[in-house]
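Engineer: Below: one structure in structure tokens.
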Amino acid sequence: MGSARAPSALLGTFRAASHRPAVAWRQRCCYHSHEYTQPAPFPPAESAILSSALSHVPSYGFTADALRLGARDAGYMDVSTNLLPRGVFDLINYHLVTQRLALKNAVQFPSTADQGKKLGIGAKVRTLTLARLRANEPIIHRWQEALAIMGQPSYVPTSLAELARLADELWYLAGDDSVDSSWYTKRASLSAIYSATEVFMTQDKSKDFIATEQFLDSRLGDVMKMGGFIGALSEWTDYTAHSAVNVLRSKGMRV
Amino acid sequence: MNAQAARVLFRRQLFAGGRRGVGTVAREQHRCFSCTARQSQQPQTPPKTTQNRDGTTHFGFETVAEALKEQKVRGVFSSVASSYDTMNDLMSMGIHRLWKDHFVRNLNPGRNPLTSGPYEQKGWNILDIAGGTGDIAFRMLDHASNINHDAHTNVTVADINPDMLAEGRKRALETPYARSPRLNFIEANAEKLDMIPDSSIDLYTVAFGIRNFTHKEEAIREAYRVLKPGGVFAVLEFSKVNNSLFDAVYKRWSFSAIPLIGQLVAGDRDSYQYLVESIERFPSQTEFRDMIKDAGFLVPGQGWEDLTGGIAAIHKGVKPA
């Protein structure tokens, strides 16, 4: 008994010793949400109904009928759709949230060691945005209905918040780590580009959505140009203002 | 019963008279127009649970024996049955109709045979508890027939009070459902629905009724029993106003105007005094939501929807499948 305990105790100390640096490292580091598993975004009953309702969207659209059929598939009844207080909007929201969360696993960038050249952040954002747009493919012919419902005044704030979360997710997954004011402008411009491209895609009849891809590229190009222009403009303004102040100072003005 | 009520009334008047002469003696014991509002603003100390250990419960702000509450509630609703609609209109300024319409439209009863595809069950089985006058039942049937083109959904109206049921039967004659099998009236206590088998109901509704139940938890458990898996428990009931300024106005209205309107129109002050007191004693949105959760229901979203700033609220629960 005693001899049995001794090795285990010894092992315990070793283990403790070997674990200590890791624990200390954990403690020194701040909390990073990506290191922990996140709770499921929807309760089980809701997600069962909504996920089976989504499979009826291509034929029934974003309607209460799709919800009812989904409820039946999930073993519930027509009346159980009362579990979703916002009705069809909950279905749209489910699609948006699950597709946003799926991006993390859907797109994997090769690590830098594998390739000689590192993929730029701009290219990564493009890939991610395209991946997110392609997730709408099965229901794109019904997506205008969803856009109309999202545009209803009571749902606009939630829809915009979800768009902001998507833009943030795209930049985060692309590896953007800016901590200056460009954090805001990047997300704002990507939100605008994404929503414009999404609307374009609902009317895109080209094969494999080539036109959508081109549209996205030219919008990203616009932002790049705009960004460059604004950067140059602000640099010029900054330089000119400083020179003006210095000229005035050299003339003896107390500025 | 009648003689006793008369005696109580007489005693109140006597007290009220005495107060004017003597001053502020025994302020708590009488209720009159000028002091009910004040009384409502004084901090009440309602017992947290609806029933106490010694077998008493509350009846408005009074504490009565449990066995007596049912009888007293019956008395209140028997006396208001005939003027029920007029009084509701006057007290809520007609808004109760909007609440009830919204309640029914939101539940969307009925199965549309054109869009819903094949399904073994035709129509819904709806149980409307405390729905004596048929307010909710007629709306349900109208919605099912006119909006969802469903000729099979049926409503069972249950009420503990035969006078309210008689009023409902009388009104049913003016609707197309009077002689159809789609509408039934039964006299039943919501805490003991023995005549209704387990897992047989799609939708269980209570509109402005659960407040008067002696044992609310028991009624919710009974609802859970009779509902099919996936069935919905829906409650439309007075609740707590969120905005404190609006609450002050609302309390003023309910404690001073409503008993007065009751006295003038229905000739029955005490019943409407009970009404406003029972509203005051009803649990808040979160408490009631937790009661529904505790019975085993899944609640949608936050669990309730406020109407008119929280004067009324719709609570829902779904029995897990």
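One is the number of the first residue shown, and numbering goes on along the chain from there.
Just so it is clear, glycine is given a Cβ too, placed from its N, Cα and C backbone atoms.
Curation does not apply to TrEMBL; its annotations are automatic.
Dumping what TrEMBL says about this protein:
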type     : residues                               : note
BINDING  : B:Thr133, B:Asp159, B:Asn189, B:Ala190 : S-adenosyl-L-methionine binding site
COMPBIAS : B:39-50                                : compositional bias 'Low complexity'
REGION   : B:36-55                                : region 'Disordered'
Engineer: May I ask which residues of the same chain, at least 6 positions away in sequence, place their Cβ under 8 angstroms from the Cβ of B:Ala190 (S-adenosyl-L-methionine binding site)?
Structural biologist: B:Ile129, B:Ala130, B:Ala158, B:Ile160, B:Val206, B:Gly209, B:Ile210, B:Phe213, B:Ala219, B:Glu222, B:Ala223
Engineer: Across all protein chains in the structure, which of the binding-site residues B:Thr133, B:Asn189 has the highest Cβ count within 10 Å?
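Structural biologist: It comes out as B:Thr133.
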Engineer: Report the largest Cα to Cα distance, in Å and rounded to a whole number, among the residues B:Thr133, B:Asp159, B:Asn189, B:Ala190 that the record lists as binding S-adenosyl-L-methionine.
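Structural biologist: Those residues reach a largest Cα separation of 16 Å.
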Engineer: List, in sequence order, the same-chain residues at least six positions removed whose CB sits under 8 Å from that of B:Asp159 (S-adenosyl-L-methionine binding site)?
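Structural biologist: Spatial neighbours, sequence-distant, of B:Asp159 (S-adenosyl-L-methionine binding site): B:Ile129, B:Ala130, B:Gly131, B:Gly132, B:Leu165, B:Gly168, B:Phe185, B:Glu187, B:Ala188.
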Engineer: Hey, does DSSP put B:Thr133 (S-adenosyl-L-methionine binding site) in a helix, a strand, or just coil?
Structural biologist: coil
Engineer: Where does B:Asp159 (S-adenosyl-L-methionine binding site) sit in the DSSP three-state scheme?
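Structural biologist: Once the DSSP labels are grouped into three classes, B:Asp159 (S-adenosyl-L-methionine binding site) ends up as strand.
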Engineer: Can you tell me the three-state DSSP label for B:Ala190 (S-adenosyl-L-methionine binding site)?
Structural biologist: coil
